[in-house]
Amino acid sequence: MFSTFVPFLIMFREGLEAALIVSLIASYLKRTQRGQWMGAVWVGVVVAAVLCLAIGIFINETTGEFPQKQQELFEGIIAVVAVCILTYMVFWMRKVSKSVKVHLEGAIDNALNSGRGQGWALVAMVFFAVAREGLESVFFLLAAFQQDVGIGAPIGAILGLVCAILVGMAIYWGGVKLHLAKFFKWTSLFILFVAAGLAAGAIRAFHEAGLWNHFQDIAFDLTDVLSTHSLLGTFLEGMFGYQEAPTVSEVSVYFIYLIPALILFFLPPRSTAGSAIAAARKINP
């Protein structure tokens, strides 16, 4: 159950971001009497989704044939990539959430005013916008699946994606009003704790791969207080990568990541032209 929730939340959030992008594009095309271009939008969405799925399956199937130490190394690398992507996702959304709509509409206008290849330009714009959300999800899910071999994580991911699509459709048709600013703020805070757990897990994987053997003394042992076999321990392990007897290096990495991330997260956001440039680059690279 607990191993299901984190993949569910990540896929729901990422899927909702992608759904909102498609919804904004569809609404703008409809509002500007250019609904005939919706076919190009769906081509971009489908191609991006298929590519992300293929990349995820390929990486997951390929690594299963690695020797044990190479698998641990790859698991650590994937965890590091997932931490970087999740962190970028949190702070990018915090920085440009208020200006995405304006720059997305500008990117659509640029694509459709690009001459004879305007249809392909729109396909490319949608493809890159959706593919980036998809690749963020792929690397996080690879890290999650490697930490939990059960069926809970895939089920959570699928349910999260389905819910995101349904909510995105409801928002587009006007049936649901979601306070997106609060939603992304609190899910972002949760994701930072998840990323800290992944960072600690990466160090553990690198140790098992034989690459990191420093500070391997047990920092503390809570086996008798909060075992991972207890209900709360299982919850914390599934959510945040909790370990009942972590090493000094795991605890250090956890807080070295989490403390600066939380400080930056709670600092007042700066409203600058840089935010607009960042948004434009993400939507229309």
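The backbone N, Cα and C atoms fix where each Cβ goes, glycine too.
Given the structure is predicted, the values throughout are model-derived calculations rather than measurements.
Swiss-Prot assigns Thr4 and Arg204 to topological domains bearing the same name, which places both on one side of the membrane. Broken down with DSSP, the topological domain 'Periplasmic' (204-247) shows 15 helix, 2 strand, 27 coil.
Confidence over the topological domain 'Cytoplasmic' (269-285), given as mean pLDDT on the 0 to 100 scale, stands at 50.
A contact links the transmembrane segment (151-171) to the transmembrane segment (5-25), because at least 3 Cβ pairs that are 6 or more residues apart lie under 8 A.
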